[in-house]
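Under the heading [4Fe-4S] cluster binding site, TrEMBL lists CYS133, CYS137, CYS140. What TrEMBL lists as domain 'Radical SAM core' is 119-331. Sequence annotations record features per position, and here TrEMBL assigns N6-(pyridoxal phosphate)lysine to LYS345.
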Amino acid sequence: MAYTEDRAAWFEGQGLWEHVPESDWQNWGWQLKNRITTLDQLERYMVLTTEERRGIAFAGHKLSLAITPYFFNLINRDDPNCPIRLQVIPREGESITSAEEMLDSLGEDDHSPVPGLVHRYPDRVLFLVTDRCASYCRYCTRSRLVSNAQDYNFHPEFEQGLRYIESHPEVRDVLLSGGDPLLLGDKKIEHVLSRLRAIKHVEFIRIGSRIPVFLPQRITPELCEIFKKYGPIWMSIHVNHPRECTAELRAACERLSFAGVPLGNQSVLLRGVNDDADVMKALVQRLLRMRVRPYYLYQMDLITGGSHFKVDVRKGIEIIRALRGHTTGYAVPQYVIDAPGGGGKVPINPDYVERITDDEVVFRNYEGRAFRYPLTSTPLPRVRPPLAAEAERARFVE
Ligand code: SF4
């Protein structure tokens, strides 16, 4: 059935936690302290499927279970296939590893000169500043180290990472990620940003964070002041389904935008969550309304225990084809595969070009109509202006 939604409605409120004082609800520390992290807690609120119970039993060996009360409210507890539920409640599929899957699917560890820093491309580094997140996504690319359920013993080392960047003048772009960098306290965030800003060769600082989506309460005025002070700080948030676009998230994006933080969104194409053109269209249009530019749509990385989320690439191409020309160009993300083993992001586009010769390119538009764009120039014969026009010009000059 086609996805439909009330475009004027934005989910808001405390839902199951209506009894809690609003001051607690709006406090990000309260949200973290009251996360749902165990089977017992989950069962207090919902009936789980057998598949989920098995997944939860395995989560301690793979990636911890944690869901903020705020995000839990977005789950339809009566629907085992709820797209929000699928993202954060473990399922048995996580315990099944396929032959092509890898623990470190992007080959990051091979390009890590100091713990927590990945330097694969000449001019930019990935700086992993924490292994914790507000909630855990069951398809996380870094599930090997995030939450430390796999005893990966990842201990982020700010000082070593900062010193590495200071001593490498070719690094002009730093991406802070993890785990989720915005889970650090204000003092630590300010420390890292001030140190990076003091490095002359660092021109571009960006943050990858799902905190605005899991914990919009964390986007406090104080945090925004830090971004203003050390800006421009660019941020990629991570929204997968239009139901995640709540009034709270919209307000958090507004606070970030007004603090001068340009916002982009990265989605992962996930089976049962957003592998549908109508869902994706609703998502990207809501993102624009929240001041967020859809940036990447990722084909899911080949992480261990992820095959139950995997979508056929042809489906992804079909979704992009359903967006391009059918909605605002700003709303169309770049569909990419992050090449397994670490080859970088490669765009995967629908093929609009029919043929290119020395003379012309022939292509089809979003409606399937064919057009021709000539590649050569054929000068027309010069034509003398009509005599009457010449006489008129002469009269005007006199
Ligand atoms: S927020 Fe990001 S790092 Fe954390 S679990 Fe989700 S995908 Fe992984």
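Here the Cβ of each residue, glycine as well, is placed from N, Cα and C on the backbone.
TrEMBL does not curate its annotations; it predicts them automatically.
Overlay of TrEMBL feature records on the structure.
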residue : record                         : Cβ neighbours (10 Å)
CYS133  : [4Fe-4S] cluster binding site  : 24
CYS137  : [4Fe-4S] cluster binding site  : 20
CYS140  : [4Fe-4S] cluster binding site  : 20
LYS345  : N6-(pyridoxal phosphate)lysine : 14
Pairwise Cα distance for the residue listed as 'N6-(pyridoxal phosphate)lysine'/CYS137 ([4Fe-4S] cluster binding site) [Å, integer]: 21
Recorded positions near ligand 1 among CYS133, CYS140, LYS345 (Cβ under 6 Å): CYS133, CYS140
For the [4Fe-4S] cluster site built from CYS133, CYS137, CYS140, further residues of that chain with CB within 8 A of the site's CB center: LEU63, SER135, TYR136, ARG138, TYR139, ARG142, SER143, VAL146, SER147, ARG210
Model confidence over the domain 'Radical SAM core' (119-331), averaged pLDDT: 96
DSSP-derived structure type at the residue listed as 'N6-(pyridoxal phosphate)lysine', helix or strand or else coil: strand
